[in-house]
Amino acid sequence: MCGIVGYVGFRNATDVLLDGLRRLEYRGYDSAGIAVRTPEGLKVVKRSGKLSSLAEAVGKTPLQGALGIGHTRWATHGAPTDPNAHPHTTEDGRIALIHNGIFENYLELKEALQARGHRFRSETDTEVLAHLLEETYRGDLLEALREALKAVRGAYAVVVAHEDHEEIVAARTVSPLVVGLGEGENFLASDVPALLPYTRRVIFLHDGDVVRLTREGVEITDLEGRPVQREAVEVDWTLEAAEKGGFPHYMLKEIYEQPWVLENTLGGRLREEEGTVELGLALDPREVDRVHVIACGTAGYAGLYGKYLLETLARLPTEWDVASEYRYRDPVVDSRTLALAISQSGETIDTLEGLREAKRKGARSLGVINAKGSTLTREVEDVLYIHAGPEIGVASTKAYTAMLAAMALLAVWFGRARGALAPEEAQRLLREMRRLPRLVEEVLEKRPLVAHVAEKYHQAQDFLFLGRHVQAPTAYEGALKLKEISYIHAEAYPAGEMKHGPIALIDEHLPVVVLATKGPLYEKTLSNIQEVRARGGKVIAIATEGDEEIPRLAQDVIYVPEVHPLLAPIVSVVPLQLLAYEIAVLLGRDVDQPRNLAKSVTVE
Ligand code: F6R
């Protein structure tokens, strides 16, 4: 994900920026750049590729100055080229800015700015802010930023410098931004590791905060200009702890990153007004008659969710298989079959071989992938990136929810193109998708309750997970998370299948996690809960906020916010991730590197 560093003080800004960006390299990026306020004005150097290319370019023309901003970019809008790298500048080059996140309404802003005579030099969403600043700047940089931000919608951490001012100004909404406090110098960064060599006194900015940084001080206001007080805290983190964002494990950090990951996956792609999505795919949806999902493990369950959505919303026949089965079962494929390969790493050998098998038989191909530059990205015709950022915890969490969101995008895309999805229904779904980052944030607040449930059941020998329709994959994923990191045996079934066998397992020692959110099959799921209760089983229900029926039936209820039933898996899986995490911690397991597992499975 993108990294941000800002500096104002007395040191050589170039050194501080390059050093800070290096400390953020672990987040992943594909281009980098800096802007430094020199005696000759603002100077920008930016390069695609690694920081070494940037450092080499800077080495040729060293920039003298004690104020600057630096950025590592993980491409979303536009390829990782030199022009698309940050910083972006106003046309006169006097203001430079860097940005993490996505301006969702950038296309309409860009068109309006172009109509007013602005000329764009990149394909990024970020550049619109440079042009807006050109219009709003009248001598006060902070004021100009506040005014320009009124026009943009979306997630952002932005940092701006002007050649006439010995200050940097910044703002954040959703994307993180931290101020580092020094003596006669101050810093900004997207993450604490960039600050650690210089200071441990930091202010974590909140959503809606706007900040002015000078050598002497820091002034924080809200978007209306009203002063805001934020407490400075002393971080005692090691570098490793800082890379985990202060969380004890990468997995927990990644669970908490899900709101802005969803913003990244969805933000720039939803067109609610038109009832469409903008995926930038070259593939023609009308050339596809059926889909074969090819994936493994967690990515496989995301694909199974995709099958439900593609069939429900797009009436597109979809087959689903784990890749290791698909590749050996001699699937029936023709030139109107789309092989949909889903993978976080893009290196999973079974998925790659499944894809190759489908292609050999004449299939078209599309990848839903996280890791840029991975083998899979090179072997598919087209890629829909999920933009989840690097996932380090072996147990996949944020990549899963991002894959679910990508599946929803694809289903709407196909549904609209095939005429199977009415514009009004698409609009309703897209509006609901827009709410998802906030809803997941609400679910994360339930962690203390989930921890309580974990405490109650962590000694259990087995767990059963049940769910119907789109919540069946959620049940599978919940069970997988639990077994992977706690080593407790967990099984998952479609709830209606329970009576055909697994019901024999139920007794007072078996916790049964039931996905019982509101939807067309809610009543049927309640009957399944009754069946479990009648046999003494302990029910942990994931239910929709406001459901008063459920507490009468289940021992424990974890509520999730109401959302369109087809999107409920995206909010419902979060408590299951937390449950697995809390149980694993209570049992003293190695959460980030569970035994026998690897992050990327490149053997058959
Ligand atoms: C589970 C998990 C694995 C992966 C699977 C596929 O937490 O991480 O089940 O989902 O190995 O990996 P990718 O998505 O990299 O193809």
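Just so you know, the numbers here start at 1 and follow the chain as drawn.
Here the Cβ of each residue, glycine as well, is placed from N, Cα and C on the backbone.
Note: TrEMBL annotation is automatic and uncurated.
Computed from a predicted structure; not experimentally measured.
Around C2 (active site, nucleophile), the C-beta neighbours below 8 angstroms that are at least 6 residues distant in the chain are R27, Y29, H71, T72, R73, W74, H86, H99, N100, S190. What TrEMBL lists as active site, nucleophile is C2.
A mean pLDDT of 93 is what the model gives for the domain 'Glutamine amidotransferase type-2' (2-216). The domain 'Glutamine amidotransferase type-2' feature in TrEMBL is assigned to 2-216.
If you look up TrEMBL, you'll see 281-420 (among others) marked as domain 'SIS'.
Annotated domain 'SIS' per TrEMBL: 453-594 (among others), in sequence order.
DSSP assigns K599 (active site, for Fru-6P isomerization activity) to coil in the three-state reduction, outside any helix or strand. Around the Cβ of K599 (active site, for Fru-6P isomerization activity), 15 further Cβ atoms fall within 10 Å across all displayed protein chains. Sequence annotations record features per position, and here TrEMBL assigns active site, for Fru-6P isomerization activity to K599.
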Helix, strand, coil: count each for the residues of the domain 'SIS' (453-594), based on DSSP.
69 helix, 30 strand, 43 coil
When DSSP is mapped onto helix/strand/coil, what comes out for C2 (active site, nucleophile)?
coil
Three-state composition of the domain 'SIS' (281-420), taking helix and strand from DSSP:
62 helix, 28 strand, 50 coil
